[in-house]
Each structure stands twice: as structure tokens, then as C-alpha cells.
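Written below as C-alpha cells is the structure these notes are about.
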Amino acid sequence: MIRFEPRTERDGLWTAASFAMAVVAGLAVSALLLASTGADVGQVFAALVQGAAGSPKALATTLVKATPIILTGLATVIAFRAQLWSIGQEGQVFAGAMGGYLGGQVLAGMPPLLFFPGVLAFGMAAGMALGWLAAQLRNRFGVNEIISTVMLNYLVIYLLSWLLQGGPWGENGATISYQQSPMLPEDAFLPALFGSNRLHAGVLLPFLAAALCAVVISRTPLGYEIRGLGYNPEALRHKGVNIARTVTIVMMASGALAALAGATELFGVAHRLRADNLVGLGYAGIIVGMIGGLRPLGTVVAGLFFGGLASGAVYMRVLGDVPASLVPAIQGITLFFFLCAGVLARYRVVRVAFQ
């Protein structure tokens with residue numbers, strides 16, 4: 001019989017070894033799965049690497065796909081480090097896109113130096129509002145944040161569906177299965193970097209946000225409160241810390257980061273408000289944040305890895321001649337082993353004798 005005991009100290013070398021073993025195990029199982037279909041395993045993996053990092057275009061795609069995942073992962077880090085189990089990142093991504101779209105209408109015609117910060121701020125404000133509401137439900141009525149944030153996810157998603165289908169933001173001729181807003185004007189697209197039509201300025205935001213999160217968590221009084229709320233909230237209360245205030249700040253900050261992902265996707269990638277390109281970004285961020293050990297740097301690394309995996313998946317289908325249904329399976333296998341590695345990094349396996 002075995003049991004899992006939390007590690008009292010994190011061993012960086014063991015953590016790195018755990019994730020290295022996860023990569024090897026994921027590749028091995030994926031290779032067996034590919035071989036069973038008759039695919040050329042070497043060609044498929046070569047296509048994956050080429051699609052993820054084999055050219056400037058591939059690297060740009062990896063960064064673009066990693067951007068929203070890292071931001072929602074950082075939203076997870078902020079909340080989970082305080083042991084606030086917010087599952088609202090998905091709805092906050094949608095809210096961020098909706099808030100950004102509204103901001104684009106309000107701020108239309110303004111100079112770029114005011115327009116882009118303004119629309120991103122509109123998006124973040126929408127996510128902060130959802131975080132504030134979940135915090136009030138917890139502080140005032142004792143509603144568990146898991147329940148409240150999941151229910152808010154549905155509320156926001158259905159609100160977007162109404163706005164695009166029969167509501168004021170829908171494009172003429174849009175159908176139930178293809179809901180979208182009209183295309184944004186070109187001057188509302190986030191500026192391109194290095195002359196690329198793929199790499200937008202929003203890819204810088206996850207790295208800036210990660211640096212800010214790292215500083216806040218490790219070097220500020222608020223970070224002390226976040227860590228203390230996760231480890232021993234009663235000790236914080238005895239020190240005179242306003243727990244309800246800290247919960248509110250953390251939930252709003254988490255909502256702002258997740259919403260920033262939605263706004264960035266709107267102005268940097270989709271250029272129109274659509275639900276299908278936002279689905280899953282919040283839940284993916286929760287996984288990436290967990291795989292990253294609830295640390296900003298680890299979240300960035302995990303997000304870049306899965307961004308590369310998403311970018312390389314296209315090449316796997318085209319150059320590797322892999323069935324479309326098999327690509328998500330390979331991604332899922334890799335994710336499973338990374339989650340196992342995260343458990344091994346945080347817990348020690350102990351044999352227990354039967355009594």
C-alpha cells in the first residue's frame with residue numbers, strides 16, 4: 001500500500017527530472033500509438049518540431065498560441081496560491097473579449113497609444129468585475145468560489161451567445177452555429193512585431209505579467225498576504241489582516257489576467273468577437289498553472305511548451321499524415337504525464353505496511 005505525503009522542501013533537481021521523465025514517457029506512449037496506425041513516427045515528430053520551432057513563422061505561431069494560455073495560467077497562480085479555487089478563468093476570458101469589444105466601440109478614433117491600453121483596460125475591468133462578484137459571494141454569503149465561478153462562466157458564455165445571435169453585436173447573416181461580430185477595422189488590430197502578419201505586440205504581455213506576478217508574490221506585502229492566505233489564514237487574521245479585502249483583491253487580480261487573455265485574442269488574433277476561438281483557453285490555463293507548480297516562471301515554460309504543441313499539431317496533420325482525431329489524443333497523453341510529473345514534484349510516495 002502506498003500514500004502521498006507533501007514534500008516539505010521543493011527539490012529543483014527532482015522537479016526538473018520529473019518533468020524530463022514526463023516528456024520521455026509522453027513521447028514513448030505517443031510513438032506506440034502512432035506506430036499502431038502505421039504512421040512514420042520519426043516523420044511525425046520531425047513535423048511536430050518543425051511546426052513548433054522550425055522557422056520564424058513557426059516560432060511566431062507558438063508564441064501567439066501560448067499567449068492566452070500563459071495569461072490564464074498566471075490568473076490561476078494568483079488565485080490558487082491563496083487557496084482560492086477559482087474555476088472562472090474560462091468565463092473571464094469571454095468577459096475580457098466582450099469588454100474589449102465594447103471598449104473598441106467607445107474609444108474608436110482615438111490615437112493608438114490611447115486606444116490599445118484603453119481597450120485592454122476595458123477587457124480587464126470586465127474580468128475584475130466577475131472576480132469581485134465571486135469574492136463578494138464568498139465573503140458575504142459563504143458561497144464556495146468553485147460553485148460561484150463555474151456558474152458565472154455559464155452566465156457570461158450565454159450572454160455572449162445572445163449578443164452575437166439576435167443581439168446588438170451580431171453580424172448580419174450570422175447563424176446559430178457560426179456566431180460572430182463584424183470584423184474590426186484594421187487600425188484596431190494590435191501592432192505587428194518585426195513586420196510579421198502573425199506575431200502581434202500582445203505576445204509581450206505574458207512575460208511582463210509573469211515578471212509582475214513574481215515580484216508581487218515574493219516581494220510585496222500583498223504577496224505575503226497571498227501566501228499566508230494559502231498556508232494559514234487564521235495567523236493572518238490574528239495579525240490584523242483583513243481577509244475579506246485580500247480575497248477580493250486576489251480574485252479581481254486573477255480575473256484581470258484571464259480577461260487580458262480574451263482581449264488580446266480579440267485584437268491580436270481573431271479581429272472579431274467569436275466564441276469558438278475562446279473556448280477552452282481558461283481551462284487550459286488552469287492546467288498550465290498547475291503544471292508550472294503555481295509559479296510564474298514555471299507557468300511561462302509550461303505555456304510555451306503547450307503553445308508549441310498546439311502550433312506543431314498543424315504540421316503533424318499535414319506533413320506527418322496523422323489523422324486529425326489522433327492529434328488531440330497525443331496532446332492529451334502529453335498533458336497526462338505532465339500532470340503526473342507535477343504530482344511527483346509536490347508529493348513523496350511512501351510505502352505503508354498493512355496494519
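Each residue, glycine too, has its Cβ placed from N, Cα and C.
Copied over from TrEMBL, here are the features:
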TRANSMEM  12-38  transmembrane segment
TRANSMEM  58-80  transmembrane segment
TRANSMEM  92-108  transmembrane segment
TRANSMEM  114-134  transmembrane segment
TRANSMEM  146-164  transmembrane segment
TRANSMEM  199-222  transmembrane segment
TRANSMEM  243-263  transmembrane segment
TRANSMEM  275-294  transmembrane segment
TRANSMEM  301-320  transmembrane segment
TRANSMEM  326-345  transmembrane segment
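Only sequence-distant pairs (6 or more apart) were considered; of these, fewer than three Cβ pairs between the transmembrane segment (301-320) and the transmembrane segment (243-263) are under 8 A, so the stretches are not in contact. At the 8 Å Cβ cutoff, the transmembrane segment (146-164) and the transmembrane segment (12-38) share fewer than 3 close pairs (sequence separation 6 or more) and do not count as touching. Using the rule of three or more Cβ pairs under 8 Å, pairs at least 6 apart in sequence, the transmembrane segment (326-345) is in contact with the transmembrane segment (12-38). Long-range neighbours of the transmembrane segment (275-294) within the same chain, counting only residues 6 or more positions beyond its ends whose Cβ lies under 8 Å from a Cβ of the stretch, are 10, 15, 68-77, 80-81, 87-94, 97, 153, 157, 160-161, 164, 179, 258, 261-262, 265, 269, 300-303, 306, 335, 338-339, 341-342, 345-346. Counting same-chain residues at least six beyond the ends of the transmembrane segment (92-108), those with a Cβ under 8 angstroms from any Cβ of the stretch are 68, 72, 75, 114-115, 118-127, 129-131, 153, 156-157, 159-160, 163, 169, 181, 184-185, 188, 254-255, 258-263, 265-267, 273, 275, 278, 281-282.
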